[in-house]
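Q: Below you'll find the structure I mean.
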């Protein structure tokens, strides 16, 4: 099970009932935070999300509405006597930016490990998460993120017995570990069937539409994508400032074959956003407006 909570849905500036951009993903006692805009701490408190289990922070880019909440969050983590290291992933220049933001939090009781992104696509495996960072098209260097929880095949007791594998080795093999025991090497494929469908969430904000985004989001259970503008005539502004309209996001969701789309990162000028959703659903039926604290528990398919 993967817990998803959209903490903030505002672009550019926070508004009443609309904090700046942030997304929380929780799995197996670990927490990923994607972006950390102003108000993220309040949004986390309101959603009942603990600061301590945050192991990984993914930053899309260095515009203030995506990172302005970071110094305060680091201070809160330090005041909570956190000692476990924090990994921060972000575009090239991340170390410099984090160092600058830490001016007000120079001494922390935990290590910060910065991973700078340089390539078009980069992949990481941490704490059970498979993270794909993919470059998008904004005014500055910017990345989207797909986070996947993979699922191994079913364990076959029959195959384990046929191969005379000691029962004490079944558990580590079922978890995907290779085991050496009494001079023999046992591998997971000896007892596991084909990999089963996992859970996938893709998050993309601050970009023009790209085929690269469609490819990264393909097959996602949930696609969270910016919809900066809802008014169709604002396509000119969207192109000028490298953002998207509701309809462009819906078109990408359709082409990517995702199960569900949440729109987010709304312009401060956007009001009565619900009025535009019928037209959006004409393009992609399973599209919804993101709202602060909107959450879902994504489950593995039963098979």
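Here the Cβ of each residue, glycine as well, is placed from N, Cα and C on the backbone.
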Q: 61, 63, 206 bind Zn(2+) 1 in Swiss-Prot, but which of 132, 138 does that record place at the same site?
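A: Swiss-Prot names 138 for this Zn(2+) 1 site.
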Q: Given that Swiss-Prot annotates 65, 66, 206 as Zn(2+) 2-binding, name the residue from 212, 265 that shares the site.
A: 265
Q: Test of understanding: give the count of other CB atoms lying within 10 angstroms of the CB of residue 63 (Zn(2+) 1 binding site).
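A: Cβ-Cβ neighbours of residue 63 (Zn(2+) 1 binding site) within 10 Å number 18.
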Q: Does DSSP give residue 65 (active site, proton acceptor) helix, strand or coil?
A: helix
Q: Just to verify: the residue among 65, 206 with the fewest other Cβ atoms within 10 Å, which of the recorded positions is it?
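A: Least crowded of the recorded positions 65, 206, by Cβ count within 10 Å, is 65.
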Q: Going along the chain, which residues six or more apart from residue 138 (Zn(2+) 1 binding site) have their CB under 8 A from its CB?
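A: In sequence order, the residues whose Cβ lies under 8 Å from that of residue 138 (Zn(2+) 1 binding site) (at least 6 apart) are 61, 206, 207, 208, 242.
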